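What follows is one structure encoded as structure tokens, with my remarks underneath.
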Amino acid sequence: MVDVNRFKSMQITLASPSKVRSWSYGEVKKPETINYRTLKPEREGLFDEVIFGPTKDWECACGKYKRIRYKGIVCDRCGVEVTRAKVRRERMGHIELKAPVSHIWYFKGIPSRMGLTLDMSPRALEEVIYFAAYVVIDPKDTPLEPKSLLTEREYREKLQEYGHGSFVAKMGAEAIQDLLKRVDLAAEIAELKEELKSASGQKRIKAVRRLDVLDAFNKSGNKPEWMVLNILPVIPPDLRPMVQLDGGRFAASDLNDLYRRVINRNNRLARLLELNAPGIIVQNEKRMLQEAVDALIDNGRRGRPITGPGSRPLKSLSHMLKGKQGRFRQNLLGKRVDFSGRSVIAVGPTLKMYQCGVPREMAIELFKPFVMREIVAKEYAGNVKAAKRMVERGDERIWDILEEVIKEHPVLLNRAPTLHRLGIQAFEPVLIDGKALRLHPLVCEAYNADFDGDQMAIHVPLSEEAQAEARLLMLAAEHILNPKDGKPVVTPSQDMVLGNYYLTMEDAGREGEGMIFKDKDEAVMAYRNGYAHLHSRVGIAVDSMPNKPWKDSQRHKIMVTTVGKILFNDIMPEDLPYLQEPNNANLTEGTPDKYFLEPGQDIQEVIDGLEINVPFKKKNLGNIIAETFKRFRTTETSAFLDRLKDLGYYHSTLAGLTVGIADIPVIDNKAEIIDAAHHRVEEINKAFRRGLMTDDDRYVAVTTTWREAKEALEKRLIETQDPKNPIVMMMDSGARGNISNFSQLAGMRGLMAAPNGRIMELPILSNFREGLSVLEMFFSTHGARKGMTDTALKTADSGYLTRRLVDVAQDVIIREDDCGTDRGLLIRAITDGKEVTETLEERLQGRYTRKSVKHPETGEVLIGADQLITEDMARKIVDAGVEEVTIRSVFTCATRHGVCRHCYGINLATGDAVEVGEAVGTIAAQSIGEPGTQLTMRTFHTGGVASNTDITQGLPRIQEIFEARNPKGEAVITEVKGNVVEIEEDASTRTKKVYVQGKTGMGEYVVPFTARMKVEVGDEVNRGAALTEGSIQPKRLLEVRDTLSVETYLLAEVQKVYRSQGVEIGDKHVEVMVRQMLRKVRVMDPGDTDLLPGTLMDISDFTDANKDIVISGGIPATSRPVLMGITKASLETNSFLSAASFQETTRVLTDAAIRGKKDHLLGLKENVIIGKIIPAGTGMARYRNIEPQAMNEIEVIDHTEVSAEAVFTAEAE
């Protein structure tokens, strides 16, 4: 028997009639389902126990044989086999059709596979199949054309003309079946190949299409006549159940209705044929049978759908697979799980980073089996049943057992929407009272959670392996860095930031200034007793902190700091320098010398000579966390984060910062600024009335004036603000709010957008402190509503984008250590005009070099080939003045079905080299999709009249890039490398002509008159360079340049959109996605290979096909790279399971069946669908078949290695 859980591949083909008979356990002859009195299935009906198996385990229908000991016996009275009732989910029946019936998928799909096989138009097919015309099958000696159509009348006329039996013509699916049987595949294929040598245009396209389908039949071993059914399989009854409702009525699956119609019509047809009924009646019945089978397979595909009660269309077999509610997406890719719960979340500020609070009653329910096992083991109860009763009664002893059980048993917490992998993390449960789950405040950022009523789901990993993986790979304390950019994702926010900001403030002349303390305890004592303030600048003996990395010159001295900073530094890791200034120099190089007293110096003099430092803000805390992580990795960092959190909360509470209306300052010269603006607007309008400017110019000038007025108020606000003002502190520290919120409270609200998106000329002059007038209030409501609707629309759009991205990249996994490629990618900083979008330093970090990098002046080798570039190395390379470096890149990786470690570089989420088995495709998709909601929806207009092209930005632009659509505002590109020799304007046609002189000839390009030029006369341009502003069409670029240029261009474009919105994403994520769009080629000339011209295929398959031919000395095939949008790329994937579960399910399956496609189960989705463990991470073959080995000597493993590999030390198969 086949081991159901271990198979290499899965194939789908057309089912031959003999195959369907071999599946079947009997013929369904009657349309009855169950008897309304006995509620037992009817004999020979759709639920018959003889065919499909017994309804009760180990019991035949009449009850003669009961119990498992009769297993396998067939009852002599009722004919039912004694077996499990589960077989009713797997045993099929069949219906012998009295007339052949065409399968709607193959006749109606686009393109019609039947039509292509027979070289007939779908319309002609429809007329024949539905009995509207005859088709000539064999003309014999008559001048009739084979496959030509005859109407009823023409048929009779021709019969009279040529005599009966002089030619054969039929109608209905039977005729089509006869024609399909006559197709000689080999001959037709040879003929078409011959035709292709000379054909062109429309004729060639059609020939290529036909050749594709005929070749598919030829190679797969499917016979064309199997597209017409003589026998119809009946799916198992438990997959189309009938259930009794409370009121005694029945709810049945729609499929039963559809099968019933087929059986009724089939039986009626059989009776008519027995009675030798007139031809027209039989014909009508055959047509009705055809329609009934069509409705069963795909209701509504042709004509009006068959409806049930309340004119609701019935769900056919195709609908069971399609869409979000279909079998694929509803049951195979997303299942509901047991051992899960859901509750509102509340903040748990006392929790450690790896803990979460679980309510007692929830925990006892989730861990019930574990608790019951312990109760029995401790002999509090004799058996499981008694243990269960104990738990349900709420016996006092169960709580102690529960405490033991949950110790070291992690649980998973998930918050919807799960936009990236940090949306599910593992925690150790801590039992709490109440009914809300408690969440650690620092993980909120990763979950995007807040405590205004959010809910979260909790899941329990059951098996030992699942617990080990949760603990080692998913524990929240391990997820310090964000996979999308490698920056810390657990930065303190709000109160924590505010507390640490307040703590590290400095103030001149506060009580206790100039005191000198011997150590921290003395300073704290002075502060607690009111002798010194947190912000007072005081001295402390350096020797009281001997473990800090002081310079030799700083030891044994007194250092000037504040009491607050002494407390702040006390929680820092010991090896980190003493932080006195909030900057990177202090963090990486050590405390500046100016804070140390020379022997005999007066401390007050030194204090007076020092400037007052700004406090530590959110950004600085982020840098400290990143540095801590870089030096000490996860364990120390997560402990430090907890200390930072506690300190922040404690001091924000002590500071008691509050906000009242009096805290909003009044700007002294607001009236002057506004009067000046009114005056300026009046002048502009006067100039317009005199005809000195156009209306567009006037509009731009007026809105600019008001914008400048708002900025002037903002500037004044910043100048006059008091650093001790609580609102200013909140804003400045990065805890909440920004300058624009502040200026709306204290300055003016400024210009608002009108419903059409255009900015209104009338600004809102009031601020919120003064209060708005009714008209102003009305003006501002529109913006608020638009904000809400935009967000809602954006969320849906962004979610769909993520789904498509995941689908196209889900099979990209790190598959090997090094692919050994000799290609690389030359990179330099990404610029947009003069602005730098992404620096070279950022692009180099965490990548491997392809060639060694030399110092441009000294020629010294800075780093060898194939070396990992660290953060420090990247800085060193850039500081040396290097402008471009050749690195290993995903674009040039030679690994099949994935990427190798060296081409990928470091895993941004851990900061270490990526592991074999990491699902980098999915991570890339999440990293690009997750910030999608932060991107704007709008299409920007480039300032009024300046240009006629709207440049798309934000989310729509990202979609445009990844779907490889023709961009809005397309740039004209040159196909010639050379110099721009002339740009002439032609007023009559409103165009400009650009002439580029190349080596081989002159290129002439017509450009719209209004387009902004990117080149001037004398400029040197490369092939594919843009002559005008705008986006280049990537497909056009691919024709002019090569694949790598297109990949580099798309990468830069994606980065421009995200960086302009302040979102950072690692290059490698975009590289993974873009590579997936360019993994196919189209065969142009097959040479001596047996490839077909026009075929789309994977680059690796194409090179394989050529390899053998080249070795044997033949002519290799030629091809052209193809750029596909992500949706198209997902549907063109080699895995039909993955494609079918994505979109257009019926089309994908139709095509796969004809080709007899094999799915080798390489990606993640395919394996989830068939219920196998995914081939990534610990599910990879090399980590699974492991031989345990004894350790000879005691090995010491450092912390970074104690991750997945330590548990799964793997032997490759």
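Cβ atoms are placed via backbone N, Cα and C, with glycine included.
Model, not experiment: these values are computed from the prediction.
According to Swiss-Prot, the feature Zn(2+) 1 binding site maps to Cys60, Cys62, Cys75, Cys78. Under DSSP, Cys60 (Zn(2+) 1 binding site) is assigned to coil, being neither helix nor strand in the three-state scheme.
Counted within 10 Å of its Cβ, the other Cβ atoms near Asp454 (Mg(2+) binding site) come to 17, all protein chains included. Mapped onto three states, the DSSP output places Asp454 (Mg(2+) binding site) in coil. The Mg(2+) binding site annotation in Swiss-Prot covers Asp450, Asp452, Asp454, and the record cites sequence analysis as its basis.
Cys819 (Zn(2+) 2 binding site) falls within neither a helix nor a strand when secondary structure is assigned with DSSP, and so counts as coil. Taken from Swiss-Prot, the feature Zn(2+) 2 binding site applies to Cys819, Cys893, Cys900, Cys903.
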(Q) Tell me the coarse DSSP state (helix, strand, coil) of Cys78 (Zn(2+) 1 binding site). (A) coil
Q) For Asp450 (Mg(2+) binding site), which of the binding-site residues Cys62, Cys75, Cys893 has the nearest Cα in space? A) Cys893
Q) Out of Cys60, Cys75, Cys78, the binding-site residues in the record, which is closest to Cys903 (Zn(2+) 2 binding site) when you go by Cα distance? A) Cys60
Q) Rounded to the nearest angstrom, how far is the Cα of Cys900 (Zn(2+) 2 binding site) from the Cα of Asp454 (Mg(2+) binding site)? A) 40
Q | Cys893 (Zn(2+) 2 binding site) in three-state DSSP notation | A | coil
Q) What is the nearest of the binding-site residues Cys60, Cys62, Cys75, Cys78 to Cys893 (Zn(2+) 2 binding site), using the Cα of each? A) Cys60
Q | Structural state of Cys900 (Zn(2+) 2 binding site), classified by DSSP into three states | A | strand
Q) So around the Zn(2+) 2 site, Cys819, Cys893, Cys900, Cys903 aside, which residues have their CB within 8 A of the centroid of those CB atoms? A) Glu816, Asp818, Thr821, Arg888, Val890, Thr892, Ala894, Thr895, Val899, Arg901, His902, Tyr904
